[in-house]
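What follows is a single structure, written as structure tokens, with notes after it.
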Amino acid sequence: MTQLNIAPASTDTAAASNNNAAAGTKQLARWRVADIVSLYELPFNDLMFQAQQTHREHFDANTVQLSTLLSIKTGGCEEDCAYCPQSVHHDTGLQADKLMPVDEVLAAAKVAKENGATRFCMGAAWRNPKDRHLEPIKDMIRGVKAMGLETCVTLGMLETHQAQGLREAGLDYYNHNLDTSPEFYGQIISTRTYQDRLDTLERVRDAGINVCCGGIVGLGESRRERAGLIAQLANMDPYPESVPINNLVQVEGTPLTGTEAIDPFEFVRTIAIARITMPRAMVRLSAGREQMNEALQAMCFLAGANSIFYGDQLLTTSNPQAEADRKLLERLGIRAEAAQQMPLDQSGCEHGCDKHAAPN
């Protein structure tokens, strides 16, 4: 089984490069937490300039992908994630529902496509799905793909055979977020370990499914802990093809109600650093967009975000209305279509910046 390599925060990049050269192997430079903290500490304009340069090297800077996320099974989750209104551990007034019928999901996908989405994501609030749950979900995947939409599901932890079954159904992406850094993780979740998450990501990768993996900021973590999350993501080998960055949406009844909100510029910095450290990933502006004004959203696009979740609801929290999204993108001159990745420049640094030398 191919192991997802997570580099320790204290990795000495220069020494690692020398060892690799001596062994005749090629390996990308690894991001230390200290490197990422240094990016956070750059003057804001310098960071934005570097992020935009990186973005333009790898993508059309005036294109974003519209994604729609549908909750196909809401509430009743046995996990205790402190941010989540779907947990049975929190009294949020959310009513648990059973898995949606396949025809209703496909009808929602049809509407999403008519509204301009090119990616359809389906989320179910489970710790881990039973095998019997996956049969109708495979039908959903096949039906959505038949419409020409990119497919993504998030169902919790997976076993090896389950990941393989989803791949055989044609699944494009599996979402399983790390949520936060290893150091802060215990403050947020106790029912699932960090290694549990990494194990599921490994099974997804081994099955040949693209990885969608990001996190949430504004949970009460420090800047260094935010940097720790980015380091974990960027040092995956390979890093995720899709990186959703969520801004905490506080829901009454969850333990994080009343948490001090993250500074808006710090959120933009996080988007920019995700772009710099994972230059060829789709960086998705995800939950929390409703609490951002239009200028802040535009700044996130400038920082390198090239996908938004589009529609009136994002799982169990609200999202800017579709018409407002269309008008904003039009005013910014941004086209809503599948983002086009630029050809890889084999001679340059894969990280897309002058901070790292290209591997020898």
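Heads up, the Cβ atoms here are built off N, Cα and C, so glycines get one too.
Now, the feature entries from Swiss-Prot:
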- C77, C81, C84: [4Fe-4S] cluster binding site (BINDING)
- C121, C152, C212, R284: [2Fe-2S] cluster binding site (BINDING)
- 62-289: domain 'Radical SAM core' (DOMAIN)
- 1-21: region 'Disordered' (REGION)
For the [2Fe-2S] cluster site (C121, C152, C212, R284), what does the 8 A shell look like? I mean other same-chain residues with CB within 8 A of the CB centroid.
S67, L69, R119, T154, Y173, N175, S242, P244
Which ones in the same chain are close to C121 ([2Fe-2S] cluster binding site), with CB under 8 Å and 6+ residues apart in sequence?
S67, T68, L69, L70, T151, C152, V153, T154, Y173, N175, F309
Only counting partners 6 or more residues apart, tell me which same-chain residues put their Cβ under 8 Å from the Cβ of R284 ([2Fe-2S] cluster binding site).
S67, G214, S242, V243, P244, I245, A305, N306, S307, I308, F309
Using a Cβ-Cβ cut-off under 8 angstroms and a sequence gap of six or more, which residues of the chain neighbour C212 ([2Fe-2S] cluster binding site)?
C152, T154, Y173, Y174, N175, H176, P240, E241, S242, V243, P244
